[in-house]
Amino acid sequence: MTHALSDLCHSPMLVLAIFVLGIGGTFQYGFQISVLNSPSPYIKKFLNETWLMRYGAALEDWKLNLIWSFIISLYAVGGLIGALNAGHLAVKYGRKRCLLSNNFVAIAGGVMMGLSRRAQSFEMIMVGRFLYGINAGISLNVQTMYLGESAPKRLRGLVSMTVSTFLSIGKLSGQLLGLNEILGSEDLWPVLLAFSVVPALIQLVSLPFFPETPRYLLIDKGDQVQCEKAIQRLWGKGDYRSEIHDMVLEHAAIKGEKSKSVLELILEKSLRWQLLTVIVTFTTLQLCGINAIYLYSFDVFRAAGIPTHQVRYVALGTGLCEIFTSLFCGLLIESTGRRVLLLRGYWCMALVLGLLTVTIFLQDQLIWMSYCSMSLIFAFIFFFGSGPAGVTAPLPGEIFNQACRPAAFVIGGSLNWMGLFIIGMIVPILVDTLDYLCFIIFLGFCFFSGVYVWFYFPETKGKTVLEITEDFQKMHSKTQTEAAETVENHKELQSVTSTKL
């Protein structure tokens with residue numbers, strides 16, 4: 001743990017890159033997820049006033065709720081479109097240029113949001129929300145690619161974990177700035193909605209000082225000289241021949257193969273288990289129940305005796321909990337391993353959901369049960385943040401080679417955004433219909449995802465992409481002969497490449 005932190009401190013440019021990428025990347029994603037909660041009454045009032053001014057009649061409740069739901073869902077629609085295009089853009093223009101250009105999308109969205117009230121146009125809020133979604137859909141995928149391809153093998157897990165850390169910081173920032181005492185007031189809500197311009201400008205100004213990712217330069221562009229320069233800038237002075245050797249091996253393994261499309265990746269039989277792993281983990285990320293937990297937490301806090309007007313302040317504690325657990329996971333990931341963190345996360349989350357169902361059922365009979373429910377909510381956030389939340393996002397970058405990586409991120413990102421849209425639509429209905437029994441559904445997803453990881457997902461800690469591919473093939477080969485042939489092919493490739501070097 002301390003060794004990984006010490007190594008990271010010896011690479012100040014990499015630390016700065018983590019901050020610059022995070023503030024303009026998943027920070028934006030998390031911020032937009034939470035920012036509309038507090039100022040929603042004022043925005044709905046603006047919708048009503050604008051409609052009244054235009055048509056001489058106030059909006060009916062069902063129309064107002066429909067427009068509001070549309071505004072909320074446009075973020076996920078934009079995110080899906082961004083995610084579907086992220087892989088192609090990252091391959092064609094490079095990770096760095098793609099992220100730089102993406103900031104203009106966020107700035108355009110912020111301008112729309114900021115001027116919406118002055119222009120008396122709620123349609124501008126819709127456009128701004130859609131543009132924010134596109135920005136987040138692209139950055140979520142490409143930021144994760146950049147970090148995974150720029151980190152040395154010994155720090156890959158810790159560096160990639162910062163994706164979820166900045167997402168959690170963004171969520172908390174949205175909650176905090178959205179308080180009525182800061183920017184969530186009736187006068188300042190347009191400023192709050194336009195705030196994402198600030199992180200976008202920070203990244204736009206700072207990112208040009210950082211190089212393109214070493215893996216992209218060597219494996220995609222075949223430029224080993226620029227790759228070595230990028231490594232020296234990001235990691236500091238040192239001997240990195242073994243890391244470069246691993247990249248050369250991967251470059252030789254794909255034999256000049258161009259980046260695969262999504263369809264080509266889906267049809268590739270040799271990668272079906274890696275693809276299934278991405279599908280299972282990214283689907284469970286949204287269907288694990290975290291959104292239902294957040295939605296139900298307000299009722300639990302009120303049942304514990306916290307006044308309604310103070311619940312939102314207590315809810316900030318859930319955001320802080322998520323940040324601390326993601327940091328904790330980052331410190332553990334290289335020593336514990338991805339497989340263990342996923343297993344522990346899924347099965348402990350399933351256990352917590354089962355216990356929470358019981359405590360909520362009993363809290364009307366036993367007053368102290370509400371405190372148990374509140375403790376279980378924080379326990380669920382801890383296991384979510386220290387497992388699936390941190391491990392899932394960078395997973396495609398670890399288990400796929402350079403040719404397949406962009407398409408794998410597109411598939412994972414698309415599943416994430418589709419899940420976000422579906423969950424946003426059905427969780428309120430599930431909670432209204434099934435009440436706390438809805439947790440049983442999410443318990444099932446967590447438990448069976450844990451079973452999948454136990455049987456079908458090998459450990460990736462400290463391994464190269466080629467070694468991880470071997471492990472998948474060994475685990476799922478129909479015969480031992482196939483597994484032996486895979487290992488022998490890799491050894492031959494290593495000897496040939498070593499001779500060339």
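Quick reminder: no glycine exception, Cβ is built from N, Cα and C everywhere.
As annotated by TrEMBL, domain 'Major facilitator superfamily (MFS) profile' applies to 18-461.
TrEMBL lists 482-501 with the feature region 'Disordered'.
Sequence annotations record features per position, and here TrEMBL assigns transmembrane segment to 12-31 (among others). Within its own chain, the transmembrane segment (12-31) has Cβ neighbours under 8 Å at 79, 99, 103, 106, 132, 135-136, 139-140, 142-143, 146-147, 150-151, 155, 159, 162-174, 195-196, 199-200, 202-204, 206-207, 210, 233-236, 393, counting only residues six or more beyond its boundaries.
The feature transmembrane segment is assigned by TrEMBL to 66-86 (among others).
The annotation transmembrane segment is assigned in TrEMBL to 98-115 (among others). Away from its own ends, the transmembrane segment (98-115) comes close to residues 21, 24-25, 28, 86, 89-90, 124-125, 127-132, 134-135, 138-139, 142-143, 146, 190-191, 193-197, 199-201, 203-204, 207-208 of its chain (Cβ-Cβ under 8 Å, at least six residues beyond either end).
Residues or ranges marked as transmembrane segment by TrEMBL: 127-146 (among others). Long-range contacts of the transmembrane segment (127-146) within the same chain, counting only residues at least 6 positions beyond its ends with a Cβ under 8 Å from a Cβ of the stretch, are 17, 21-22, 24-26, 28-29, 32, 71-72, 74-87, 89-90, 95-96, 98-99, 102-103, 105-106, 108-113, 116, 160, 163, 193, 196, 200, 213, 393-394, 396-397, 405-406, 409-410, 412-413, 416-417.
The transmembrane segment annotation in TrEMBL covers 158-177 (among others). Sequence-distant contacts of the transmembrane segment (158-177) (same chain, six or more residues past either end, CB-CB distance under 8 Å): 4-5, 8, 14, 18, 22-23, 25-35, 37-38, 140, 143-144, 147-148, 150-151, 183-184, 192, 195, 312, 315-316, 319-320, 322-323, 326-327, 329-331, 333-334, 385, 389-391, 393-394, 397-398.
Residues or ranges marked as transmembrane segment in TrEMBL: 189-210 (among others).
As annotated by TrEMBL, transmembrane segment applies to 275-294 (among others).
Positions annotated as transmembrane segment by TrEMBL: 314-333 (among others).
Under the heading transmembrane segment, TrEMBL lists 345-362 (among others).
Sequence annotations record features per position, and here TrEMBL assigns transmembrane segment to 368-395 (among others).
What TrEMBL records for 407-430 (among others) is transmembrane segment. Among residues of the same chain six or more beyond the transmembrane segment (407-430), those with a C-beta under 8 A of the stretch's C-beta atoms are 72-73, 76-77, 79-80, 82-84, 86-87, 90, 133, 137, 140-142, 144-145, 259-262, 264-266, 274-275, 278-279, 281-283, 285-287, 291-292, 295, 392-393, 395-397, 399-400, 438, 441.
Marked as transmembrane segment by TrEMBL: 436-457 (among others).
When each of 66-86, 275-294, 314-333, 436-457 is checked for Cβ pairs under 8 Å to the transmembrane segment (345-362), 436-457 comes out on top. Distant neighbours of the transmembrane segment (314-333): 1, 4-5, 34, 157-158, 161-162, 164-165, 167-169, 171-172, 175-176, 294, 297-298, 301, 306, 341, 377-378, 381-382, 384-387, 389-391, 461; these residues of the same chain sit at least 6 beyond its ends, with a Cβ under 8 Å from one of its Cβ atoms. Outside the transmembrane segment (436-457) by six or more residues, the chain places 273, 276-277, 280-281, 283-284, 287-289, 292, 296, 339, 342-343, 346-347, 349-350, 353-354, 356-357, 360-361, 427, 430, 475-476 with a CB less than 8 A from a CB of the stretch.
Counting only same-chain residues 6+ beyond the ends of the transmembrane segment (275-294), those with a CB under 8 A from a CB of the stretch are 265-266, 268, 318, 342, 346, 349, 353, 377, 380-381, 384, 388-389, 391-392, 395-396, 399, 408, 411-413, 415-416, 419-420, 422-424, 427, 430-431, 438-439, 441-443, 445-446, 449, 452-453, 456-457.
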